[in-house]
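**Student:** This is the structure I want to talk about, given as structure tokens.
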Amino acid sequence: MNMMTVKQQGVWAALLWPYLLTASIPLDCKEEQGSLSRCPSISQEKLLDRVIQHAELIYRVSEESCSMFEEMFVPFPLRLQRNQAGYACITKALPIPSSKSEIQQISDTWLLHSVLMLVQSWIEPLVYLQTTLDRYDNAPDMLLNKTKWVSDKLISLEQGVVVLIRKMLDEGMLTATYNEQGLFQYDAQPDMLESVMRDYTLLSCFKKDAHKMEIFLKLLKCRQTDKYNCA
């Protein structure tokens, strides 16, 4: 990618970023006391549409963030190393369906639970990522802002998915418990190269999982509208 292309992308990103920050419809659905309500004013179908919209935006911004980090901090020979065993994704151990046959066999509710597990597994690592990126001498504000935006929207997405599961199951109360698995391990003071590769792995893996969230939610939408023609 030549320097002019990079600059052009930077200009467009700067122009569109304020719009992206305000374009998404908020998922927050709270009572005055701050607890999640059953959202009686919005249908399950519309809530799912909002959840999908959030997932689409999160994936898009995660893709932009990963590409920006890669261009700025990761030499080309090191870009393949994130696939090695030492840089495995933190969600690898989660019971998330991966093959097409597995996905086709699970229920709608388990699709949503899979999304919830992925969302909650990334909340803490993204907070950590904000802290570590802030220590880079030449990290652009655009990258820091995107990471903060995704972190905030992920919490909003979590709230929307929890409410959606409650609506589908008609449950009065549902709380999140997957975060207790402790999937993310901190290294006190990694050297600079190790820190770059770890952050690159986090961004790359999150982009991949954000895409899974979007795919699962869109599959759920398809099942509800055209059950027998969803791949």
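Here the Cβ of each residue, glycine as well, is placed from N, Cα and C on the backbone.
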**Student:** Which one, Cys39, Cys66, Cys89, is listed by Swiss-Prot as the other cysteine in the disulfide with Cys205?
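**Tutor:** In Swiss-Prot, Cys205 forms its recorded disulfide with Cys89.
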**Student:** Name the cysteine that pairs with Cys230 in a disulphide bond per Swiss-Prot, restricting the answer to Cys66, Cys222.
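**Tutor:** Disulfide mapping in Swiss-Prot sends Cys230 to Cys222.
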**Student:** Does anything in the same chain, at least 6 positions from Cys205 (disulfide bond), have a Cβ under 8 Å from its Cβ, and if so what?
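**Tutor:** Same-chain residues close to Cys205 (disulfide bond) (Cβ under 8 Å, separated by 6 or more) are Cys89, Ile90, Thr91.
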**Student:** What count of other C-beta atoms do you get within 10 angstroms of the C-beta of Cys230 (disulfide bond), across all chains shown?
**Tutor:** 15
**Student:** Expressed to the nearest Å, what is the distance separating Cys222 (disulfide bond) and Asn145 (N-linked glycosylation site) at their Cα atoms?
**Tutor:** 33
**Student:** How far is it from Asn145 (N-linked glycosylation site) to Cys230 (disulfide bond), counting Cα to Cα, in Å?
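**Tutor:** Cα of Asn145 (N-linked glycosylation site) to Cα of Cys230 (disulfide bond) measures 36 Å after rounding.
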**Student:** CB neighbours of Cys89 (disulfide bond) within 10 A?
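**Tutor:** Summing over all protein chains shown, Cys89 (disulfide bond) has 18 other Cβ atoms within 10 Å.
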